[in-house]
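Accompanying notes for the structure given below.
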């Protein structure tokens, strides 16, 4: 009798995806983050489900319901902080996963890459709407500022913003619909992740050398299941350190003040994982220009396959491109720092220079450097 693992219609799919999957023998720890993102998504859906059982999406009770979860529900504080800090871990894994894709040229699998960009946008939308739900000061003002950006769209902008708000300001209708969307989107993310995996398995995984590895493949299980398990242990350790020792480290203190439309916080800023984009938005002294730069800063990922001028896929043997890549990483860290600072000298000019550098590195310096390296190969 043939193994049920290989014959059963459903188990067969799981087998081909996670057990008998032929995998390059040399993929490094940077390839762990895909599975970690899957784990993060599961953690977020499970903790989110338990939070939704006790949360009320009404402006008069939302803030109190979060307090009730933390004080009265059994281990409610744990569930709430696992969910909040789980989002931070999610984005750390996401940024490393994208960085790995850029470094090793994984973006040349264009279908997988494009689904990944859609996943990034969907995850960012979900996180933004989730941040509004506790209905603290930063929730309310963050929602007001970010949704207001849509009013920069010519002709339809104002109508669009009022349609999203469900009124003339962020209010009950906005909170209710944000809760509904925040609940449904993670399941859409899960479906998209399956499509992402489907496209990846059409081509097989890339590897650190950027070479075709068909001649040297090993089964995913047990080699990479045990490796992913180590990554999972480290992820859980980091998450628990954060949750149990300093759960509010990455949050904003003003979100412990109930939302008040009559008093604006001195510095409105989003969660840390949006600060780089927020800094780019703020560095342009024009509303529409800022919004376009904000969208472009993420959408620029879509043209990476077109900007690939190198003869080698991976940056492993391209030292000049490696230097540029790490300058880009440093630039993004600088933008993240600037996004959390007040709009005053010298932060304004630093933010503007970092924003310009971000686009120059990706659009101009990286393709030119690759061409120079191509020439150096001929020497």
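First residue shown is number 1, and so on along the chain.
Just so it is clear, glycine is given a Cβ too, placed from its N, Cα and C backbone atoms.
Swiss-Prot annotations:
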- 33-53: transmembrane segment (TRANSMEM)
- 77-98: transmembrane segment (TRANSMEM)
- 83, 182: heme b b562 binding site (BINDING)
- 97, 196: heme b b566 binding site (BINDING)
- 113-133: transmembrane segment (TRANSMEM)
- 178-198: transmembrane segment (TRANSMEM)
- 201: ubiquinone binding site (BINDING)
- 226-246: transmembrane segment (TRANSMEM)
- 288-308: transmembrane segment (TRANSMEM)
- 320-340: transmembrane segment (TRANSMEM)
- 347-367: transmembrane segment (TRANSMEM)
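Location within the structure of each feature annotated in Swiss-Prot.
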residue : record                   : Cβ contacts under 8 Å, 6 or more apart
83      : heme b b562 binding site : 44, 47, 48, 51
97      : heme b b566 binding site : 33, 34, 37
182     : heme b b562 binding site : 48, 126, 129, 130, 133
196     : heme b b566 binding site : 112, 115, 116, 119
201     : ubiquinone binding site  : 16, 17, 21
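Taking Cβ pairs closer than 8 Å, the transmembrane segment (77-98) reaches residues 30, 33-34, 36-37, 40-41, 43-44, 47-48, 50-51, 66, 69-71, 116, 120, 123, 127, 130, 235, 238-239, 242-243, 247, 250-251, 271-273, 301 in its own chain, all 6 or more past its ends.
Highest Cβ pair count under 8 Å relative to the transmembrane segment (178-198), across stretches 33-53, 113-133, 226-246, 288-308, 347-367: 113-133. Classification of residue 83 (heme b b562 binding site) by DSSP places it within a helix. DSSP assigns residue 196 (heme b b566 binding site) to a helix in the three-state reduction.
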